[in-house]
Structure formats: C-alpha cells, structure tokens
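**Student:** Handing you a structure now.
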C-alpha cells in the first residue's frame, strides 16, 4: 500500500507540473534526508522543493543537520572529534568511551561523529590546535565498514592526492599538513588483512601531510580486543595531553558525569506523545516521489516464505534453510553478498536483567532518553520508548559486558562482598577472562554471579544505556543467486548452543540463530522453542496470519564474487555452512548455462560429519550441476562410521593435480568460506604445498605465488572466527 501511495503522489506532482500550478502536497514523514545514506562525500543533503511562501519549518530542520563537522565543532565549542567506522557497534562504543573519558578526566571539549554523517573532504580545514581521533574497524577481508565506505573511497581508493575543500595549498601534495590525528583500529588476526583499514588510512593521512599523535593502536577481536584497547589508551592520552597542552598527571576522574538523562512519562503524558517506539529502528526517510532505502539504519521487514530443517537427524542439532521474500522492496543482491538479520534479545535475558536491576515492575513504563550535552544530537535508539523495548530490542544485553563497565558498577554494589567482586572482575584481567569473557556470560548472568541468586541492585539506567553497545545485526552469507531467485534471499544457519569449557554447567545460545529458530517454530508449528524470543515485532507488525512471520533484514554487498568471465573455472572450499555462498555460485553458473553462456569447470569441496546426517543440500547438487561441464562435489566426512576422519584439506591433497590444472594452467579462481582460525589457514597451507609439489616451486616461490593470487582477486575468502 505504501508503494502505491507514493506512486500516486508522483502522478499527482507530474500532473501539477504539466498544468503549471507547481503545487503539491506532502506528509511530514516525506520530509527527510536523501533516500540513500551513501551520499558522495562532496555532496550536501538534498532539500525538497516547496511551494512559494510555504512554511519553512521542516526545511529548516533539515538544514540544521550540517555535514560540516568543523562548523559544528566551532558552534558547539569542541576541540577534539572522535570519528568512528563501525560495523557491529564496538568501534562506536570505543569512540564514545574515549570522548567521555576526555571530557571527564581532562576537561576536553569532545564530540563523536559517524563518518558517513559528515563531509570528510573538510579535514583540511580542521584547525591545527584541534585533534581528530579515528576509531576504525576492518570488516571481512580488509574492507571498510558500511559507514566508512565513502570516506575510504575518497581518501584511500581514489586519487593519490584526493581533492579536499580548500584546493590551494603551499604544498599541493600535502593538503592535510595542519591535521593532527590519533588512530585506533579494530580487527581480527585470523584474517589475512588484519586491521588493514586503520593501517592504510593512517599511512595515507601521513602521506598527505597529517601528523599522528602517539602510537597507532590495534585491537584483536579474536580474544584480546578489550585489553588491547585499555592498554593503548593510557599512552594515547599522555601523547594527546602533551599535544593539547594539558597536564596528563592532573587528570581527575571526579564524580561521574551522565551522558544521557532519563524522563519517565505518566499515562496522561503518554497519551499526548506523537509516537512511542516499540522496536522500530527509525522512521523511513525518503524524498517526495522516492522509496525508502533499506540498509543498516533502516532494515526491511521481510516475510519468511520458506523455513525448513537441513539436518537429517535434528534432535539436538539444527540447521535452518530460510527464504525471505524481498518482492517490491527494491532490495537487490548478487551471489556472494551477505544478508543481515536483526534479532531481539531472548525473553529470559530481558526478565533476568530487569529483575536484578529492580525494574521488572516498570518494564512497560514509557521513557524518553536525551543527551545531557546540548550539542549532541545523536541518540542510541529512537525515543520515546519503554524499558522493556530497550532491553529487548535496542541494547546488546546478551554479550559479555566490558571489564571497564563491571568496574564502574563497584560504587553501586549493595554489599561489601559484591563490591569486592565488582572491583576484582573489573580490574584483574585473568579474573575477568575466566568469569566473564571465556564463559560468555550476559550482563544479567554476571550480576547474578556477583550478587548471588535472588539478590538485586540499583544502578542509574542511563549508565547502562551508555555502557552497553547497541544491538546489531548478524551477517550470513547468502545461499542463493539473484539470477535464479530475484525476489527471494536464501540463508543457511546452524542454530548455535554450547557449554563453555570454563563454565560447563551453563549453556550459551547464539543470539540470532535462536531468534531464527523461534521464527521457524512458528512457521512450521513445531511446538515451543527454547530459549523463547518475542518475534511479533513492534505492535505485532511482524506476524502474518496464524503462522507467518517477518524479520528485519538488509543486504551488505561483498567483494566475494564470481569471476566476470563465466568460462573461467572455479574451485570452492566450503565445509559445513561455509557451503552457503557456493550454493549461490552454482545456481548462478547453472543459470548462465541456461542462458547460453560458456561456463568453466565448477568444483566444490564440501565437508561435514556424516553423509546421512549433515550433508547440506545433498539432493540439490546433482540437478544444479548436471548441465555444467566439469562440475562436481568432492566430499569429506569427519565422523563417517568405518572410515578415518577426513577433512577438505585431505581431499585437496588427493585432487592436487586437478586443483593445479584449474588454478595455474587455466587461470581459475579459488574460494574459501568457513572457519578462519583453523580450516582457512590449513587450506592456504595446502595450496602452498600443491604449488610446491605439483608446480615444483620452492617454498618461498609457492608462498609468493599464493599471495599474488590473493592480490589479483583470484583467491577470495569469506571466513569467520
């Protein structure tokens, strides 16, 4: 209905223009920013047309959201700006923590900034006595986060000397000679391109004349990220204080300064509110005559058209195949892209935390969260909303809380014993690792362990909002091809639950996969699913009839792509759910054959436990591959009765001549999807061994050869830790 309404407006406007009236009407919700968040760095937000002498209230509102961060810093008297490039919310959280610490300890005038909200070609105008801090995550195989793509393309991927705002400098090659900056990167050492985004941005800024203050910090998300961050920031503050002319030793934490303030609303006040948010991410913003763009800030509620179990034996293990309907949404994708699923927190985690924090009796109270700093305009979620919605939809209460946050709770401990434990887990790295990080305990569980079962405490709710990251989407490799399925996206996911080694009495549940399992249970009417999730969505809008359900999604485009020339051969290594993108690849190539294209050899190495239990899409491969010349699936079963454990690396060795022929002699492409820490590394080593044995290369030359395959985009990975 919404699309039809927009089309009607288009027709009305066109008719009005044709008759020369120039008059059109529009609703408030149609007055927002440009429909695409990927606005070019050099562009300003579009401003809608308006009738002569019409009230300018909404237009002024748009104009106030400036993209000139230097102007905003001047107007709000800020001297340090913290830019973040964040995919999962961690980099954003770190930027906010640093800004807060700068204000509270050193009386700095700070602000945080989302990279895509500002024109970064204005970096050359930041005063020399100001400081820019960059907190940048590396996503996937050396890629920038979604909100940093424009900045990356402008600064790193474009010209050797990008164009900035002034354009006339004493040294044309050093347009950023007045810029002083700090750099911290978030990455994962299991990936080849560890922290490449912060490294390359750091290198490019300095090449353009900027001066880095202090050492570049790098955090490893494969276990030590928080500790890397904490150990880096103290030295960083020393260097920053020295640059800013502040006595580092005089820094004083002083009393806590709240970032947000909370206002609860009476039932009478609620009746007068224009809207209360119950899980919506934001109001869709689009220009007159256009449709919303669905992305990480505005997901699309997609109906699940199909949901079925893939494991033949699924009493204890579940693997879901889901197909979500994107008809009419305008969402497009290609094989190799990722689908982002926006889950909610499990009900038992919401209720547990509410009980421990003594707010269980007011979960449905409506409240408004606002900034204590008038210059700050960004809030972590839409308001007004309710306590229940915040805990269920907006903050990540399931992830282990940070060591810093646990330490901050010490003053609020109700007993001396609890105070000692808060202080210990907040200060001692090993105690934190064992009791929180490795145990993967949620905030509610951590508080129960410290306080004791049945005990509770009160903390300022604004502190919780400030300290817990925003609940983010979880990403899955799309397991379909748009050529074969243009109106649906398929995903393949194992429902995760496990018992940590340090706490075998507890069960950790994967947030998004168990959310999807609840959706699967409703669709198939397969009985109650534990843990229980509230999947109905805001005001029940995600439920369809008696069994249908929608889930919020968006698509993240990836560089994990088939070769443009379909005649080139491909080799795919995808054990377990790592096979997901390769199902899309094979569908893509099968469709190319139907369309008369020449398609090269298509070889899939697939591994699982047993052929009769978890051989994913076993019945589909013969049909998909029957018309592709040289197509085959080579299987490896690690727990097949009566045979030795076999993994994909073993099968690679058995078929090393085939691999070498397709990759080296025929110019084929090599793809790996799955576990980064073990499987992907071993596959890489095996390919080097093949280059040595079949290609008769020295070890050094073989390593260089494989590295060059990566550099030319012929060795691609879609892996996770």
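Every residue number used here counts from 1 along the chain in the order it is shown.
Placed from the backbone N, Cα and C atoms, the Cβ positions cover glycine too.
Where the annotation comes from TrEMBL, it is an automatic prediction and has not been curated.
Pulled the feature table from TrEMBL, pasting it below:
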type    : residues                                                        : note
BINDING : 86-91, 137-140, 186-195, 221                                    : FMN binding site
BINDING : 317, 577, 638, 639, 645, 646, 647, 648, 649, 682                : NADP(+) binding site
BINDING : 474, 475, 476, 477, 492, 493, 494, 498, 510, 511, 512, 513, 720 : FAD binding site
DOMAIN  : 80-237                                                          : domain 'Flavodoxin-like'
DOMAIN  : 297-545                                                         : domain 'FAD-binding FR-type'
**Student:** Specify the nearest of the binding-site residues 474, 492, 512, 645, 647 to residue 86 (FMN binding site), where nearness means the distance between Cα atoms.
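**Tutor:** Sorting the binding-site residues by distance from residue 86 (FMN binding site), the top entry is 474.
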**Student:** Can you tell which of the binding-site residues 317, 492, 638, 647 lies nearest to residue 89 (FMN binding site) in space, using Cα positions?
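**Tutor:** Checked the binding-site residues 317, 492, 638, 647; minimum Cα distance to residue 89 (FMN binding site) goes to 492.
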**Student:** Averaged over the domain 'FAD-binding FR-type' (297-545), what pLDDT does the predicted model reach?
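**Tutor:** Here the mean pLDDT over the domain 'FAD-binding FR-type' (297-545) amounts to 96.
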**Student:** For residue 645 (NADP(+) binding site) and residue 188 (FMN binding site), what Cα-Cα distance in Å is obtained after rounding to a whole number?
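**Tutor:** Roughly 29 Å, rounded to the nearest whole number.
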**Student:** Would you mind checking how many other C-beta atoms are within 10 angstroms of the C-beta on residue 720 (FAD binding site)?
**Tutor:** 18
**Student:** Could you check the binding-site residues 317, 474, 645 and say which one's CB has the fewest neighbouring CB atoms inside 10 Å?
**Tutor:** 645
**Student:** Identify, among the binding-site residues 188, 492, 638, 649, the residue whose Cβ has the fewest other Cβ atoms within 10 Å in this structure.
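**Tutor:** Selected from the binding-site residues 188, 492, 638, 649 on minimum Cβ neighbours within 10 Å: 638.
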**Student:** What whole-number Å value do you get for the CA-CA distance of residue 476 (FAD binding site) and residue 191 (FMN binding site)?
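**Tutor:** Here the two Cα atoms lie 17 Å apart.
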**Student:** Based on the record's binding annotation for FAD (474, 475, 476, 477, 492, 493, 494, 498, 510, 511, 512, 513, 720), what whole-number value in Å is the widest Cα to Cα distance?
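**Tutor:** Looking at 474, 475, 476, 477, 492, 493, 494, 498, 510, 511, 512, 513, 720 as a set, their Cα atoms extend up to 22 Å apart.
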**Student:** What is the total of other Cβ atoms whose distance to the Cβ of residue 512 (FAD binding site) is within 10 Å?
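**Tutor:** The answer is 21.
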**Student:** On a C-alpha basis, identify the one among 137, 140, 647 that is nearest to residue 720 (FAD binding site); the candidates are the binding-site residues.
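**Tutor:** For residue 720 (FAD binding site), the closest Cα among 137, 140, 647 is found at 140.
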**Student:** Just name the most isolated of the binding-site residues 476, 647, going by other Cβ atoms within 10 Å of its Cβ.
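**Tutor:** Across 476, 647, these binding-site residues, the one with fewest Cβ atoms within 10 Å is 647.
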**Student:** Here are some binding-site residues: 191, 194. Which one has the most Cβ atoms within 10 Å of its Cβ?
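**Tutor:** Per the Cβ count, the most surrounded site is 191.
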**Student:** Restricting to the chain of residue 510 (FAD binding site) and a gap of 6 or more, list residues whose Cβ falls under 8 Å of its Cβ, or answer none.
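**Tutor:** Long-range Cβ contacts: 495, 496, 497.
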**Student:** In Å, rounded, how far does the Cα of residue 317 (NADP(+) binding site) sit from the Cα of residue 512 (FAD binding site)?
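**Tutor:** Distance between the two Cα atoms comes out at 16 Å.
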**Student:** Name the residues of the same chain, 6+ apart in sequence, whose Cβ is under 8 Å from the Cβ of residue 140 (FMN binding site)?
**Tutor:** 191, 558, 559, 560, 718
**Student:** Which one is it: of the binding-site residues 137, 494, which Cβ has the fewest other Cβ atoms within 10 Å in this structure?
**Tutor:** 494
